[in-house]
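Participant: Annotations for this protein, taken from Swiss-Prot, read as follows:
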{"type": "TOPO_DOM", "residues": "1-13", "note": "topological domain 'Intravirion'"}
{"type": "TRANSMEM", "residues": "14-34", "note": "transmembrane segment"}
{"type": "TOPO_DOM", "residues": "35-79", "note": "topological domain 'Virion surface'"}
{"type": "TRANSMEM", "residues": "80-100", "note": "transmembrane segment"}
{"type": "TOPO_DOM", "residues": "101-126", "note": "topological domain 'Intravirion'"}
{"type": "TRANSMEM", "residues": "127-147", "note": "transmembrane segment"}
{"type": "TOPO_DOM", "residues": "148-151", "note": "topological domain 'Virion surface'"}
{"type": "TRANSMEM", "residues": "152-172", "note": "transmembrane segment"}
{"type": "TOPO_DOM", "residues": "173-200", "note": "topological domain 'Intravirion'"}
{"type": "TRANSMEM", "residues": "201-221", "note": "transmembrane segment"}
{"type": "TOPO_DOM", "residues": "222-239", "note": "topological domain 'Virion surface'"}
{"type": "TRANSMEM", "residues": "240-260", "note": "transmembrane segment"}
{"type": "TOPO_DOM", "residues": "261-264", "note": "topological domain 'Intravirion'"}
{"type": "TRANSMEM", "residues": "265-285", "note": "transmembrane segment"}
{"type": "TOPO_DOM", "residues": "286-298", "note": "topological domain 'Virion surface'"}
{"type": "TRANSMEM", "residues": "299-319", "note": "transmembrane segment"}
{"type": "TOPO_DOM", "residues": "320-371", "note": "topological domain 'Intravirion'"}
{"type": "REGION", "residues": "346-371", "note": "region 'Disordered'"}
{"type": "COMPBIAS", "residues": "347-359", "note": "compositional bias 'Basic and acidic residues'"}
{"type": "COMPBIAS", "residues": "360-371", "note": "compositional bias 'Acidic residues'"}
Amino acid sequence: MAPSHVDKVNTRTWSASIVFMVLTFVNVSVHLVLSNFPHLGYPCVYYHVVDFERLNMSAYNVMHLHTPMLFLDSVQLVCYAVFMQLVFLAVTIYYLVCWIKISMRKDKGMSLNQSTRDISYMGDSLTAFLFILSMDTFQLFTLTMSFRLPSMIAFMAAVHFFCLTIFNVSMVTQYRSYKRSLFFFSRLHPKLKGTVQFRTLIVNLVEVALGFNTTVVAMALCYGFGNNFFVRTGHMVLAVFVVYAIISIIYFLLIEAVFFQYVKVQFGYHLGAFFGLCGLIYPIVQYDTFLSNEYRTGISWSFGMLFFIWAMFTTCRAVRYFRGRGSGSVKYQALATASGEEVAALSHHDSLESRRLREEEDDDDEDFEDA
């Protein structure tokens with residue numbers, strides 16, 4: 001079937017979105033490379049935000065001065081930036097693969113607006129725009145770190161986390177209910193069936209980034225709050241654990257209540273949350289200023305509670321996943337054939353209909369003989 005006018009318009013719009021996506025990825029990559037050289041317009045390197053040697057857990061914030069708070073150190077920030085670039089690269093490659101398979105195929109399909117359906121399921125123009133926003137906000141986040149502006153660092157970390165969250169939700173749900181998403185999957189072009197597995201990998205990879213960004217946004221919010229209000233540094237360190245726990249629990253519950261219906265294999269956020277916990281441990285273990293004071297007990301208990309929450313939700317996800325795989329074949333077998341009661345009811349209805357037709361034929365014969 002020839003592509004319709006709607007297919008042509010949507011394909012062109014989607015293609016333009018992918019072109020802008022590639023340009024944005026190149027822009028962010030160049031920015032990250034150049035930001036390692038302070039003399040090229042950046043006041044400082046982005047990965048050196050806090051001097052942990054000057055951190056004092058018992059001190060209060062001094063207005064108009066930079067107060068060191070709990071944040072990622074230089075090695076962690078470089079690894080974080082490199083990993084985020086790899087995630088952006090993987091998502092960009094995914095969109096390019098989908099574009100090639102949808103735009104360059106010779107068999108356009110037998111359904112009306114087939115390309116529009118395929119684009120809508122694999123990642124439409126709005127989802128591509130959300131991904132562009134995620135890359136742009138990440139670029140602005142690293143830019144604010146190079147200027148060492150606590151308030152802007154906290155703001156851009158929250159905006160980037162929000163954009164990445166919306167992009168992940170759109171990739172998982174396609175803005176539809178589960179039944180409608182299943183209907184669109186059944187109408188997908190046969191040549192895109194294998195790409196769905198690639199899409200599942202991308203969803204989990206984005207969720208890994210989202211899980212680690214939970215730690216980053218918790219640190220950034222408390223870092224900005226601690227540099228703008230008269231609070232003690234030790235209290236802000238403990239507040240990082242509270243913010244992290246609240247955000248991670250909300251996401252764990254959303255995965256178990258809603259998102260698991262759309263994508264069965266969802267362990268990306270759990271893996272990213274684990275890496276985030278390790279990211280919290282590293283600066284605290286590395287620098288003695290965190291543990292050589294009265295906050296040692298509170299920090300230890302906070303770590304224990306966070307790991308317990310993570311282990312509980314990860315175990316729940318694993319149990320539900322493997323239990324769903326074990327019962328999947330029974331569900332499909334039940335849908336394959338009709339039940340015995342339905343077959344018996346249909347047979348009884350057919351026999352009654354046949355008897356009624358025979359009686360009418362006999363009556364007609366009798367009337368004809370009388371005539």
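Every residue gets a Cβ built from N, Cα and C, even glycine.
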Participant: With DSSP as the reference, give the number of residues of the topological domain 'Intravirion' (261-264) in helix, strand and coil.
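Facilitator: Secondary-structure breakdown of the topological domain 'Intravirion' (261-264): 1 helix, 0 strand, 3 coil.
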Participant: Excluding the flanking five residues on each side, which residues at least 6 beyond the ends of the transmembrane segment (299-319) place their CB within less than 8 Å of a CB in that stretch?
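Facilitator: Residues 237-238, 241, 244-245, 248-249, 252, 255-256, 260, 266-267, 270, 273-274, 277, 280-281, 284, 290-291.
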Participant: Relative to the transmembrane segment (201-221), which of 14-34, 80-100, 127-147, 152-172, 265-285 accounts for the most Cβ pairs at distances under 8 Å?
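Facilitator: Counting Cβ pairs under 8 Å, the winner is 265-285.
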Participant: Top stretch among 14-34, 80-100, 265-285 for CB pairs under 8 A with the transmembrane segment (127-147)?
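Facilitator: Comparing 14-34, 80-100, 265-285 against the transmembrane segment (127-147), the winner is 14-34.
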Participant: Mind tallying the topological domain 'Virion surface' (148-151) by DSSP state, helix then strand then coil?
Facilitator: 2 helix, 0 strand, 2 coil
Participant: Could you put numbers on the helix, strand and coil content of the topological domain 'Virion surface' (222-239), residue by residue per DSSP?
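Facilitator: Summed over the topological domain 'Virion surface' (222-239), the classes give 12 helix, 1 strand, 5 coil.
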Participant: Need one number: mean pLDDT over the topological domain 'Intravirion' (320-371).
Facilitator: 54
Participant: If we skip the immediate neighbours and take only residues 6+ beyond the ends of the topological domain 'Intravirion' (261-264), which ones have a Cβ under 8 Å from one of its Cβ atoms?
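Facilitator: Answer is 172-173, 178, 181, 200, 203-204, 321, 324-325.
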